[in-house]
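Below you'll find the structure, written out as structure tokens, and then a few comments.
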Amino acid sequence: MLHNAIFFFFDKNQLHCGKEVWKSAELTKDYKGGDASLQLMLEDGKSIEHKLDPKTKNLPYLRNPDILVGENDLTALSYLHEPAVLHNLKVRFMDSKLIYTYCGIVLVAINPYETLPIYGTDIISAYSGQNMGDMDPHIFAVAEEAYKQMARDERNQSIIVSGESGAGKTVSAKYAMRYFATVSGSASEANVEEKVLASNPIMEAIGNAKTTRNDNSSRFGKYIEIGFDARYRIIGANMRTYLLEKSRVVFQADEERNYHIFYQLCASAHLPEYKTLKLGGANDFLYTRQGRSPVIDGVDDSKELCNTRSAFTLLGINESYQMGLFQVLAAILHLGNVEIKERDSDSSIIPPNNHHLTAFCELVGVTYQDMSQWLCHRKLKTATETYVKTLSRLQATNARDALSKHIYAKLFNWIVEHVNKALITNVKQHSFIGVLDIYGFETFEINSFEQFCINYANEKLQQQFNMHVFKLEQEEYMREQIPWTLIDFYDNQPCINLIEAKMGILDLLDEECKMPKGSDDSWAQKLYNTHLKTCTLFEKPRMSNRAFIIQHFADKVEYQCDGFLEKNKDTVNEEQINVLKASKFDLLVELFRDEEKATSPTGQVQGTGGRTRLSVKPDKGRDSSSKEHKKTVGCQFRNSLQMLMETLNATTPHYVRCIKPNDFKQAFSFDPKRAVQQLRACGVLETIRISAAGFPSRWTYQEFFSRYRVLMKQKDVLPDKKLTCKNVLEKLVQDQDKYQFGKTKIFFRAGQVAYLEKLRADKLRAACIRIQKTIRCWLARKKYLRKRSAAITIQRFTRGYQARCLAKFMRRTQAATVIQKYQRMYVEKKRYRQKQAAALAMQTILRAYMARQKYQGLLRQKKAVIIQKRVRGWLARCWYKRCLRSIVYLQCCIRRMRARRELKKLKIEARSVEHFKKLNKGMENKIMQLQRKIDEQSKENRLVNDKLVGLESSYTVESERMRGELTRLRGVEEDNKNKANQVSSLLEELEKLRKELSSTQQEKKTIEDWAQTYKNEMEKMVSDLRDQNGLLKTEKDDLNRLIQEQSQQMTEKMTRAIAQETQQLETDLNEERSRYQNLLTEHLRLEEKYDDLKEEMALSSHVSKPGHRRTDSTHSSNESEYTYNSEYAELEEGSRADVTRGIDTSLTLKLQKRLTELEQEKQSLRNELENKEEQFQRDDAEFKKARGAELEYESLKRQELESENKKLKHDLAEMRKSLLGDAATGAGAPGSPAYKVLLEQLNASCEELEVRKEEVLILRSQLVSQKEAMHHKETMTEPSVYADDVSKLKDADELKQAYVGLKDTNRLLEHQLQTQRRTYDNEVESLRGELQTVKEENNRQQQLLAQNLQLPPEARIEASLQHEITRLTNENLDLMEQLEKQDRTIRKLKKQLKVYSKRIGEMGAGQAEGQTSPGQMVDEPIHPVNIPRREKDFQGMLEYKKEDELKLVKNLILELKPRGVAVNLIPGLPAYILFMCLRHADYVNDDQKVRTLLTSTINSIKKILKKRGDDFEMVSFWLANTCRFLHCLKQYSGDEAFMKHNTSRQNEHCLSNFDLAEYRQVISDLAIQIYQQLIKCMENILWPMIVSGMLEHETIQGVSGVKPTGLRKRTSSIADEGTYTLDSIIRQLNAFHSTMCQHGTDPELIKQVVKQQFYIVGAVTLNNLLLRKDMCSWSKGMQIRYNVSQLEEWLRDKGLMNCGAKETLEPLIQAAQLLQVKKKTDEDAEAICSMCLALTTAQIVKVLNLYTPVNEFEERVSVAFIRTIQTRLRDRCESPQLLMDAKMIYPVTFPFNPSSLALETIQIPGSLNLGFLTRV
């Protein structure tokens, strides 16, 4: 009791409250023996007192420790009972959102009523090949286990899926079949896996319906056998159906529907192809409107019909059969609308011309009269006569409904039969996996015959299940050599005997059906009389005599006897059947054909095969019309169920139990009451009970030792782990019956693991307390020492500070005294000096002032004297001038007066004659004087006259002015007179103006007041405006600042946008590159499939050995060959013809489907083209302009090259002409032009020949020169002298050699002339071909124009655009090709020109040195020329013969091994050798040799990779050599872009005759394929290591502990293999890296490979982490982070940190951080959201849901925290995919990497066996 008291104290318990609801409670007061109650506190804080049963004193069930709550396997729970199971399922379903849980061998699946992203292809790949217990529970894990056991044990398997309606049985079965179809693939091109999946929509359309519990409820049971061949690939399938619910055809309850197919037809009735069915809406027919719920939310029935028809087509049911089926279905709907009226109480009638009956008869091809007759009548037969009996209205209606049900059942059987025919193949079936989708235990308020059959089937299945579980438990105990004690478990054989034994319920029911007047009441009485007293499982209700109760294994069920007999008989009017058999509708006749003619695909009769409840085996001894319906439904169902049980017993079963969490279809809502009912009904609790009766908890010795090492002392640890565990357990658990030791495991009774966990937690808690005590003591002492040290330090510093302050004060006092002394002295001295300076300054200033005053006085006196002098002089001059003017004026006045007087006197004298006489007497002398005086006077007179004229003119002007003035004054006077007259009027006006002035003044005053007011207002407004202006200026400044900030932000935003756009473009480029590489992979896969077909056809007579080989339907090896030769093409055509003869019909259907998709894609592309048409038209003009300029530039360039070419040709022709002319005349003097031309031509020819021939030609040229010299000597001297000189030759062979040399020279010149002629002819032919091409293009353009004119406008535009694009593309390619050719020609001509100029220079120098006179040449003796032999100047080429090509490929590619020979070679040597051979073929201008060499190389590389594609070293070797070969083709292509890093010698080695750009693309594609093969090979090596090394292995020992696992890893599918560690992964990475470096792989390519490696490691690790709840803990996060750091350290050591590999591990790093961070508050949520940027929302939520504490000190993540995370991450735009795509391959690029190795320096080792190659 003390033990129990301690255990219960503050522990949680399960409290059984009410009838079926369990709640958690906590013990608040210790329990002691004898207490009558328990003091408990519920989870909501409420305290209650629980009374114990005084008789039994049973305590409530104990709850498991927190670390065991939420386990994947219910058998891992220490306490196994109903509330523990319910609580564990609830926690997983509600908190962790996990719908799958193991319960021993059973997978419990809870319907989430929500679409979850856990069924994708990535999830299938993750579960493929995994052990059942390694991953979280899933339907895929069960399917994988079944598949593996089938392959390993050579035994058929079955997956039994059961549950209530709406629990998800159909979906689970569908996902299981999808898994098999995905992982196994098909054995042929018929795509059987697609057909198997295509059967689902068909069976759902005709067998599923909406019920109150499920929108897609299966109303029949089915068992699908998926067949596999010896290689375990799908070859076919077979389907068996059970107990179709026919009554749904004629009746549906509220909120329910008929079968889906009826509503699909009604929804598509408006389409033209369905007009003949005469259908309308679903509410127009009785059979589809009774449930008053014709529409399912979110389901488009018309679209579903399209899917159904597509499935029919894929399964080979053609359009005519489909329309026939739809006719039958439409006829059933019309038949239900036939109205039968009552004629009297015993008879009925159908009104004539009933349009529904008419439609029915037209659709099924029968007569209206016959059908209307037998719907209301019935034929009765007796022993002597036959008569017709009328039917009442109710009987006729029942007969009509029975006929409808019968027709639908026949139609259902026919569809199932044809689906099976489509799923069968001729390949022999090696094994199969069956998937049973069958109804679970059902109990309703009213239970009838259907529920009875369903529960009977579940009794049989439960019995089989119990026996299998018991068998597994027994085998486990025997395997571990545990003492076996019989476990008492519930055996439901008595219940089964009650139903099916002799005189059982079914036997009595069949007997009652045979009675003429049998009824439900009489059958009920027979049941009471037979079983009520003899069987305890059979009861009679108290208040009813028409019902009975059966105690099933799950619960008691009360059945109502009404309708049992009628449903068991399932009778149909035979005359109605005969009418239908006489139909003109072939399909309807086929439905009712004798069933012995239509056998099942397995060779069994349908009636005995149990396909449907209506399939009856005909009796051959009687007429088929009377025997068809004699076998009862119960008998049929019993036989089919017996056959099913035999099949299941012959297979290994796997169980999936589907649970419906609530009745309202609410997502993730858990109703404990409903869950408990289903757990009891499906046998899960029985499994728990059986497990709990024995030893439910099982641990391996290593797991136990790792988990409970803390409970052991050091002396208890022995080398033998088994002995150690025994010793420890004997000390910890005294009761030996609580555990048993097996061979490999320790078995514990229920509750013992919880006890051990408590001991472990107590030990850890004590250790934690001790650690805390020690640490707190250490912290306190450390704090005290730190304070003490701080106090001493403060005291020391304080005392020192005080001393320093005192010394400072004393120093300051002394310094102050000294400062005062000097300061006072300084002040006095300063004061004296200031006074002295002031006195001196005052004296100086005063003296200066007095001097200045004196000086200024003298200066003023001097200035005053000067001023006086000037003034006085001026006054004297003024006075003098005035006196002078006065004197002159006075003189003038006097003289004028005297002159006037004299004049007057003279005038008087002149008038007196006497006077004149007196004067004239004696005055002749005086006359002369007067004459002279007159002359003088006349002169003066003229002067005066002139003055007078001037005065007169001025007078005239003045007179005129005065007259004008007078006139003006007169006018003014008149005006004054007039104005005087106006004075009166003006006075009056003045008076008015005065008045107006007064009023104006008043107004002015008013205006002034207003103006003043306005002024004030304006001033105020101005002030306001100034204030506003200030504010506006402030706002302006703010706005300017804001604008600047915004502009800066916009700039940054634009920068980011540009960066993002650049990144997006890079992403698009990578996606496009990836798409292209995927297309290459797909092309390769198709080629491989074609090769496999050829091999299979060639080896079809051989039988493959049985073995387990996993083949993915989407998997294919990268081992195919390109075929370029005609011989391969012929073989390919022949094989293709053989394959075509064997193509299946489904392949044609698949191609048709693919064609439809392509047409849709074409339509979308056409729409896109129409959308971009305007854009294209706008850009077209600019493009044409740019293109025109480009073409013009190309034309000018081409003309320039042509002119240069013509010039060179002209020079060559002149050269040859001169040579020919000189040869004809025989002139050969050394200085002649012909001689020079000949030497130049010979030297140019020598440049093009080999080294040896060059020496011979030099010798011959010297001999020719000597011959010419001798000929010249002969012409200059006598013949005898010539003969003497000739005789001087030592050997006659020299003349012969000279003659042969001259002959060879002439032959060489003739060859060049012929070559030039052929070139000319080729040019003429090419021009003619171009002319012909232009003509053909013109004709084609005219034809296209004529065709386009006949097309509609849209098609015309599309055709025109397509044609224009094609034309421009072709022109662009042609021009690019021409440009490349011209560039090559230019380089070649420039090279020749350099050679010519060099030779000319040499010849000029030689002639300058050798210029001598003919006489000198005659006198000098001629000696033979000794030419030294030069060393070979290799050109970096290898010559081989055509017949040696196969030997070259064989030795260099096919038989070359990376290890051994290749390991000591120069990296990339095979690539260099192949390129040097290619260079020679290009040098000799042999296009056939180039083509065959490249083709053979490519095919050989593919062949060796196909043969050894799984060898990483081989694939890496040829990837490096292929890339090097590609780089060589680029480096020596002559393209300037690739020649930047070449040496001058390397530039001379460029290819000269052929453009291999197309082959470069082919080799690039080959490199891509090799890279993908390398990645796949690397994946196959790395994949098994990743999970074990990164997750399972404890790199840091002792951090993580092992939790109880129940039956995890219990199956025999666990492979005994070595455990991989992180060191294994790193060693393998080192091996990969060293291999690639050794083979000379490009560094950039190595970086891409390493990046892909790390992506695979990160993706696989993260995917397994997301699918394994046991790995999501704090300690595992620490392990992962440590492992990742080790990988980063490896990258750092290899110098690969910048290759992008580290970034691929970011999701894994963030997941590990997520496991370790705090997960409680909102701040933690914000930190998680900002940290986990590389993880998707689904992944973050999944990790939080899976987070599991390993120890009691860790806490679970609350649901509220997870919802907070989801809320914060709601706005993220990301993919909902949960797992990473571990199969994803980054697009590879091959950056150009030129080689600095000179080709001429490469030596070929003899180990390659390439002696037939000649260096050139």
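Positions of Cβ are set from backbone N, Cα and C atoms, glycine also.
The shown structure was predicted, so the numbers you read here are calculated from the model rather than taken from an experiment.
Among the ranges 641-663, 687-709, 1216-1238, 1239-1261, the one that TrEMBL lists as region 'Actin-binding' is 641-663.
Tertiary proximity for the region 'Actin-binding' (641-663) is limited to same-chain residues at least six positions away from its ends with a CB under 8 Å from its CB atoms, namely 89, 93, 103, 105-113, 139, 142, 145-146, 149, 153, 155-169, 172, 176, 213, 223, 240, 242, 434, 436, 440, 456-457, 460-461, 464-465, 468, 608-610, 669-671, 674-675, 678-679, 682-684. Packing around Ser165 (ATP binding site) is summarised by its Cβ count: 19 other Cβ atoms lie within 10 angstroms of its Cβ, all protein chains included. Model confidence over the domain 'Dilute' (1495-1771) is summarised by a mean pLDDT of 85.
When other Cβ atoms within 10 Å of the Cβ of Ala167 (ATP binding site) are tallied across all protein chains shown, the result is 26. Those residues of the chain, other than Gly163, Glu164, Ser165, Gly166, Ala167, Gly168, Lys169, Thr170, with a C-beta within 8 angstroms of the mean position of the ATP site C-beta atoms are Asn111, Asn214, Ser217, Ser218, Gly440, Cys658, Lys660.
Cβ neighbours within 10 Å of Thr170 (ATP binding site), excluding its own Cβ and spanning all shown chains: 23. Neighbour counts of Cβ atoms within 10 Å were taken for the binding-site residues Gly163, Gly166, Gly168; the minimum is at Gly166. The 10 Å shell around the Cβ of Glu164 (ATP binding site) contains 25 further Cβ atoms across the protein chains shown.
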